[in-house]
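*Asks:* Would you mind keeping the following structure in view while I ask a few things?
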Ligand SMILES: Nc1nc2c(ncn2[C@@H]2O[C@H](COP(=O)(O)OP(=O)(O)O)[C@@H](O)[C@H]2O)c(=O)[nH]1
Ligand SMILES: Nc1ncnc2c1ncn2[C@@H]1O[C@H](COP(=O)(O)OP(=O)(O)O)[C@@H](O)[C@H]1O
């Protein structure tokens, strides 16, 4: 038995824009407060109501490119014409503090994370149909028609990588999809490599 197995898990969640990823993740974090969301850096301008440091660290492209050169990112990618990246320091600090960490990133970032953190657990969220994806993007009311058209077009490329993920969830009925996401998190937590230390005393007692 490997008693030095890592105690914390890095979760990666991806989806085409509008599938409901952020809504699902926010609801999951309310149910599972032991998970920390990594706040990404982006060159995308803030949407109405978005706050610096809460939704993203909004930075100019020059500053972002300097951060890439400084090696601060665990992963970074260009998505829908904007740069996005995950701070290596943020993730490593949270994991070292014993927190599970969740990254909401695209398929390109997920690929990079699988290389550097092969123990990560990745989940892809699918919309129930293209018509519903478009309806959700328009209904959110946060983006211009041009931005929505670009995101719809790019959804095909994102969805083409769904098979690279450990789990796939269809976000049709919201409560069902949230239940599926929470089940994955709970099942991962029950893995013996993560549970051995926590239950060591009981296991020794039962073996005695
Ligand atoms: N690689 C990478 N992708 C990210 C990161 N943060 C966000 N993204 C992805 O960028 C895409 C656009 O995100 P956003 O502009 O917030 O739009 P939304 O997904 O429609 O809410 C989504 O696929 C996000 O998952 C990051 O740090 N790294
Ligand atoms: N299961 C669902 N049924 C109907 N609407 C949903 C569902 N999940 C999310 N939405 C709505 O779809 C829109 C896009 O969700 P959002 O979480 O912003 O997507 P993403 O983060 O994947 O871009 C939001 O208005 C959200 O309230």
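Here the Cβ of each residue, glycine as well, is placed from N, Cα and C on the backbone.
What you are looking at is a predicted structure, and each value in this text was computed from that prediction instead of being measured.
According to TrEMBL, the feature ATP binding site maps to 15, 16, 17, 18, 19, 20, 21, 22. The feature domain 'Guanylate kinase-like' is assigned by TrEMBL to 8-186.
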*Asks:* When the pLDDT values for the domain 'Guanylate kinase-like' (8-186) are averaged, what is the result?
*Replies:* 96
*Asks:* Going along the chain, which residues six or more apart from residue 21 (ATP binding site) have their CB under 8 A from its CB?
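*Replies:* When sequence neighbours closer than 6 are ignored, residue 21 (ATP binding site) has 13, 14, 15, 104, 125 within Cβ distance under 8 Å.
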*Asks:* Using a 10 Å cut-off, grab the number of neighbouring Cβ atoms around the Cβ of residue 16 (ATP binding site), all chains included.
*Replies:* 25
*Asks:* Kindly point out which of the binding-site residues 15, 16, 17, 19, 20 have a C-beta less than 6 Å from some atom of ligand 1.
*Replies:* 17
*Asks:* Under 8 Å Cβ to Cβ from residue 19 (ATP binding site), same chain, six or more residues apart: give me those in sequence order, or none if nothing qualifies.
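*Replies:* Set apart from residue 19 (ATP binding site) by at least 6 residues yet with Cβ under 8 Å, we have 125, 126, 127, 133, 136, 171.
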*Asks:* Within 8 Å of the Cβ centre of 15, 16, 17, 18, 19, 20, 21, 22, which other residues of the chain have their Cβ, at the recorded ATP site?
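*Replies:* Close Cβ neighbours, site residues excluded: 125, 127, 133, 136, 171.
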*Asks:* Pick out which of the binding-site residues 17, 22 has the most other Cβ atoms within 10 Å of its own Cβ.
*Replies:* 17
*Asks:* Determine, from DSSP, whether residue 22 (ATP binding site) sits in helix, strand or coil.
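*Replies:* DSSP call for residue 22 (ATP binding site): helix.
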*Asks:* Which one of the binding-site residues (15, 18, 20) has its C-beta surrounded by the most other C-beta atoms within 10 angstroms?
*Replies:* 15
